Amino acid sequence: MANHAAKPLALTLGEPAGIGPDITIAGWLRRRELNLPAFYLLGDEALIARRAKTLDKTLGKALGAEIRIASVSAHEAAAAFTEALPVVATGERATAEPGQPDASSAPAALASIRQAVADVRAGRAGAVVTNPIAKSVLYRAGFRHPGHTEFLAELAAKDGRVPQPVMMLWSPRLAVVPVTIHVSLRDALSQLTSELIVSTVRIVATELKSRFGIARPRIAVSGLNPHAGEDGSLGHEEQTIIAPALKTLRNDGIDARGPLPADTMFHEAARSSYDCAVCMYHDQALIPIKTVAFDDAVNVTLGLPFIRTSPDHGTAFDIAGTGKANPASLIAALELASRMAAAKT
């Protein structure tokens, strides 16, 4: 991939018992073949060494390559990357076995995220890339955030002000953003306001320009109700909430189109007419992208003072340690983060 970031990417450990270590190792093994940007893993070197030993019989043998691990500092990571997977210690041990999540390893997962943010804000890394976490495991250890996105926003706070995080799912074929994120459908309906739509779309438009190089972003905005409410016969939110938001956005000079019926927004011809689809709730946005780009979609958090991407899948405990985990989404996340960092203005 061209236009790599000048600095290595900080990759978090994710859930230690999940496939995060697996796809990290699998991605590193393909670094030369795919010309991947340099990255380093923040976590417990002993855990990664154990997983590497397990995977050497499958991944290493299949690719005809030796899995090598190097304990380094963030400053040494880029130089080490060619010959070994750089691992930067966080001071937290992780003892969980593949497929057997243990709340005692939660501090290691959280320390990895905190250190990645600290590294990118200190200029040691070009972007943050996060491996999948298991929120249910973190909750047992006292974690109180709905997800990665909200935790990262808190870590990005400055002078007590927490930025509004916007979750984008991106692929070469489709990019989507849900206005409401990790809440129940009932709560999503109560949270939906014109102000939230306006602030979300403004962030999307700004970052499509600055980090994706799109000079005049075309943003398609969905309705909430079936057939976008059919002029109020199937719901009023399009008229009372979404349309006023679109008027404000257009007055700002933003190309925001809608409200559009969600059931006809995502076929191939429709997708070619916009750069990003903004939807009203989580599943309205995620079902289409996981249908058209299940293996290579990337989770991108917009609205933060740093770049963050993540593979668009979970921990897959059932295949952890087997060598069966597909690293395609992580590879896409690394490549996109590097491209965004190189293009950042």
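FYI, residue positions are counted from 1 along the chain as it appears here.
Cβ from N, Cα, C; glycine included.
As the structure is a computational prediction, the values presented were derived from the model and not from experiment.
What Swiss-Prot lists as substrate binding site is H148, T149, K290, N299, R308. Residues or ranges marked as divalent metal cation binding site by Swiss-Prot: H182, H227, H282.
A distance of 12 Å separates the Cα atom of H282 (divalent metal cation binding site) from that of K290 (substrate binding site). The two recorded residues, H182 (divalent metal cation binding site) and T149 (substrate binding site), show a Cα separation of 9 Å.
Its own atom aside, the Cβ of K290 (substrate binding site) has 17 Cβ atoms within 10 angstroms in the protein chains shown. For the pair R308 (substrate binding site) and H227 (divalent metal cation binding site), the Cα-Cα distance reads 34 Å. Just so you know, of the binding-site residues T149, N299, the Cβ with the fewest other Cβ atoms around it within 10 Å is the one at T149. For K290 (substrate binding site) paired with H227 (divalent metal cation binding site), the C-alpha to C-alpha distance reads 22 Å. Comparing local CB density within 10 A for the binding-site residues H227, H282, R308, the maximum falls on R308.
Cα of H227 (divalent metal cation binding site) to Cα of T149 (substrate binding site): a span of 30 Å. Annotation note: H148 (substrate binding site) sits in a helical segment as assigned by DSSP. Within 10 Å of the C-beta of H148 (substrate binding site) we count 24 further C-beta atoms, all protein chains included.
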